[in-house]
Amino acid sequence: MTNDTNQIAQDKIPEAPLRTLTPDGFVHGLIAFIALAMLLGLPGNVLVVLVHRRIKTPTATDWVVFYLASCDICSLVVCGPSYILQMTKLWNNFMPSFLCSFHFTILHTCFIASTCLITVVAVVRRSVMNTNREPISARTSKLIGTIVIFVSIGLGSPSFILTKNTPSGFCYYDNQKAQLQTIVYGVYLLIILISNAITCACYVSIIPKLRNAARVAPTDSDIINTAFVRIRRAAIKATICLALVSVVFFFSTAAPLTVVTVLNASNHNVGVVVNTLTFFFSRLYFMNTFANPLIYFWINNGFRQRVRSMFHRNRVT
């Protein structure tokens with residue numbers, strides 16, 4: 001009788017049907033995906049941070065990229081192992097409840113910070129393409145990045161009281177605080193909508209600039225023209241690189257988490273397909289954490305040169 005009661009209680013936990021209605025093969029695939037994200041994302045983002053430290057005069061864009069990489073490292077270190085433990089159900093056996101709260105706090109903090117930082121870099125790149133200069137100094141960009149991180153910590157902190165281990169060991173939301181959860185997620189959705197609208201508007205407005213890359217030079221001097229074209233093309237490549245980062249972030253993080261939020265607010269017991277999609281979308285954001293360094297290395301010539309220079313110096317020493 002006791003076992004039946006415990007089973008019924010467990011089935012009423014939102015995370016329980018999310019696990020039981022998700023095919024095992026799909027769960028194993030997601031575990032492999034998160035492991036791959038950690039394998040590629042951790043060294044990749046650490047490399048971005050190390051390259052940034054070697055830049056003598058970092059720009060406003062460089063500081064935003066540095067903070068983005070730092071958020072991805074934090075997310076991979078904390079949330080990667082946590083999700084693997086949860087999906088293998090090892091979490092249920094020994095992990096304390098405060099680590100569940102810490103997991104969701106870091107998850108939401110890094111998500112909000114990344115969303116805002118990507119918007120900041122979009123505004124900066126729009127100014128670069130329109131006026132050939134960044135709208136803020138590197139020092140101001142560093143300060144803005146720091147403020148974004150601290151504000152994001154504040155916005156992510158409600159997870160400490162909204163999430164905990166359930167009696168059966170699942171790390172999930174506290175149903176007794178559903179009203180507060182709705183308010184908090186409403187704020188998150190508002191941030192997503194505003195930030196992504198600004199980001200989209202910035203990049204859409206500079207599409208004509210990208211199409212007419214370096215066709216007009218400032219003077220009649222061939223030497224100056226060549227230098228201008230070279231600098232302009234480098235700026236365009238950097239802008240395209242960061243625009244691609246924004247696109248990956250939107251489709252791997254912002255849009256899926258919005259869908260998950262709506263599904264969680266509606267009904268958890270909605271069948272195998274929707275539960276599988278919810279399970280998938282809530283973990284898809286790991287794609288963003290390892291894709292960014294790959295995009296930098298693929299498109300940004302300056303980043304590739306700095307990486308080669310860093311390894312070359314290490315070999316010499």
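Cβ coordinates come from backbone N, Cα and C, glycine included.
Keep in mind that TrEMBL annotations are predicted by a computer and have not been checked by a curator.
What TrEMBL records for 26-51 (among others) is transmembrane segment.
What TrEMBL records for 44-296 is domain 'G-protein coupled receptors family 1 profile'.
What TrEMBL records for 63-84 (among others) is transmembrane segment.
What TrEMBL records for 104-123 (among others) is transmembrane segment.
Outside the transmembrane segment (143-163), and at least 6 residues removed from its termini, the chain residues within Cβ reach (under 8 Å) are 63-64, 66-67, 71, 100-113, 116-117, 120, 136, 171-174, 177, 180-181, 184, 187-188, 191. Sequence annotations record features per position, and here TrEMBL assigns transmembrane segment to 143-163 (among others).
Residues or ranges marked as transmembrane segment by TrEMBL: 183-206 (among others). Long-range neighbours of the transmembrane segment (183-206) within the same chain, counting only residues 6 or more positions beyond its ends whose Cβ lies under 8 Å from a Cβ of the stretch, are 108, 111-112, 115-116, 118-119, 122-123, 125-126, 129-130, 155, 158, 162, 239, 243, 246, 250, 254, 257-258, 261, 265.
With a threshold of 8 Å between CB atoms, the same-chain residues lying at least 6 positions outside the transmembrane segment (240-265) that come near it are 14, 61, 65, 68, 111, 114-115, 118, 121-122, 125, 173, 182, 185, 188-189, 192, 196, 199, 203, 210, 274, 277-278, 280-282, 284-285, 287-288, 291-292, 295-296, 299-300. Summarising the annotation, TrEMBL assigns transmembrane segment to 240-265 (among others).
Tertiary neighbourhood of the transmembrane segment (277-299): same-chain residues 18-19, 22, 26-27, 30, 33-34, 36-37, 40-41, 44-45, 47-48, 65, 68-69, 72, 75-76, 80, 83, 111, 114, 237, 240-241, 244-245, 248-249, 252-253, 256-257, 259-260, 263-264, 307, selected by CB-CB distance under 8 Å and a gap of 6+ residues from either end. Annotation source TrEMBL lists transmembrane segment at 277-299 (among others).
Residues 61, 64-65, 67-68, 71-72, 74-75, 78-79, 135, 141, 144-145, 148-149, 151-153, 155-157, 159-160, 162-163, 171, 188, 191-192, 195-196, 198-199, 202-203, 242-243, 245-246, 249, 253-254, 257, 285, 288 of the same chain sit 6 or more residues outside the transmembrane segment (104-123) yet have a Cβ under 8 Å from a Cβ within it. Within the chain, the transmembrane segment (63-84) has long-range Cβ neighbours (under 8 A, six or more residues past its boundaries) at 31, 34-35, 37-38, 41-42, 45-46, 48-49, 52, 91, 99, 102-103, 106-107, 110, 113-114, 117-118, 120-121, 124, 138, 141-142, 145, 148-149, 171, 242, 245, 283, 285-286, 288-290, 292-293, 296.
Note on the domain 'G-protein coupled receptors family 1 profile' (44-296): mean pLDDT across this stretch is 82.
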